[in-house]
Amino acid sequence: MQLGCPKNAIDGEMMIGLLARAGYAIAHDPAAADVQVVHTCAFLRAAEEESIAEILAAARWKGARRGRRLVVTGCLAERHGAELLAELPEVDALLGPGRIVEIVGAIDEALRGEGGVRRGGFGRPEPWGARLRGGAPHTAYVKIAEGCDHRCAFCLIPRLRGPQRSRLPAGIVREVRGLAAEGAREVVLVAQDTTAYGRDLSPRLSLADLLRRLTVGEGPEWLRLLYTHPARWSEELIDLFARGGRLLPYVDLPVQHASDAVLQAMGRGRGGARIRRLIERLRARIPGLVLRTTVITGHPGEGKREFRELLQFLREFPFDRLGAFAYSPEAGTRAALLPGRAPAKAAEERRLEVLALQRRLALPLQRARCGRDWPVLLEGWRERDRVWIGRSPAEAPEIDGVVRLRAPGPGEWGADLGEFVTARFLRATAYDTFAVPAEAGAEAGGGRPALGGGRRGKP
């Protein structure tokens, strides 16, 4: 059982690969398994509660047959460790994120009745050759670094995953090209802060250095970057995005808030003006830019005035995509001890108000893309609706909307799952877009080719 973000999913795939290499068979039916691994998330209270619910379900599975073993991995194991073992005696072993490469030994010991807790050990995140991917073969995530050096008041990540540790560039390039050779048409680069890549290496490198290596030679048609930090954008990085090629003009920029008072309480500096200047530079320099962000409502320091400031910022700088979270105090964080926290009900009401505003702001941005042709990566077919589900360069997997393409079904035309088609966008909601194949749209008249995306080959 695997929970959490794409970064956590990559860890899970690596553990599966290590186990398969060691001779363990991966059971697709839990009833046939001897060992169940619950790979947990503990970033937010809701994620922790979901993880505990899955552990309890696995404990019931274990009790149904003698000799079964239960192993818990991931951030919940790092956060609570021995406490979990004491409260849940059904758990045989725990591994924190820094120790997942020891999964084979942990299961071997659990089967011998010698389980325990393995935490810490935040070393360099290599090697990754054992990874056994699941999910759609045409899109792959690649983790370029582990851990984080920021000290945001609301966040536990440095405690759960350790300090920033960048992978060596040669290994990343090798993995990305290998995934493309295996059929990945899109590779999504992730880390806790992708823009911090290389700062800890010797000699010191930058994200721009890595992207230059990834945008030449063999590789996927689309290269997408997530989890950037507003304070770490350089002119060099903006230049790379401005050039286009396989690097998509999609910028994930979690600002968290716009009020200097709240940003300072968050431990992110008085950066409201800096964020505004960065957005202006990005929009001026990057053709076809799609901008995504996340914000937190109800954080300590956010009163009615600060919340109004956030809403005004979103009106002045509308984002194509936005996610919003209501603040929840996490034990062990500095923010949990700060005064001035909004009541949970107020934080949730503010979150819903932000999302309602976002729907109004995003709709004209979505409609501006209609009447034009865009590359779309086909990801699924819905027989009931007779539509393909896909994504254009403007939609990241899992977190954004989709393109609904009305076209002949599988085997009825010259395209299939995991392939690119050119689509004419006809209409849109705040999240999804409705389209037809470009040839059909052209027959109806109007539109012109659009910048960005498509089969890129070698730049």
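Heads up, the Cβ atoms here are built off N, Cα and C, so glycines get one too.
Of the residues Cys75, Cys148, TrEMBL places Cys75 in the same [4Fe-4S] cluster 1 site as Cys5, Cys41. Most Cβ neighbours within 10 Å, among the binding-site residues Cys5, Cys75, Cys148, Cys152, Cys155: Cys75 holds that distinction in the structure as shown. With helix defined as DSSP H, G or I and strand as E or B, the domain 'MTTase N-terminal' (1-112) counts 65 helix, 16 strand, 31 coil.
Taking only the Cα positions, the spacing between Cys155 ([4Fe-4S] cluster 2 binding site) and Cys41 ([4Fe-4S] cluster 1 binding site) is 13 angstrom.
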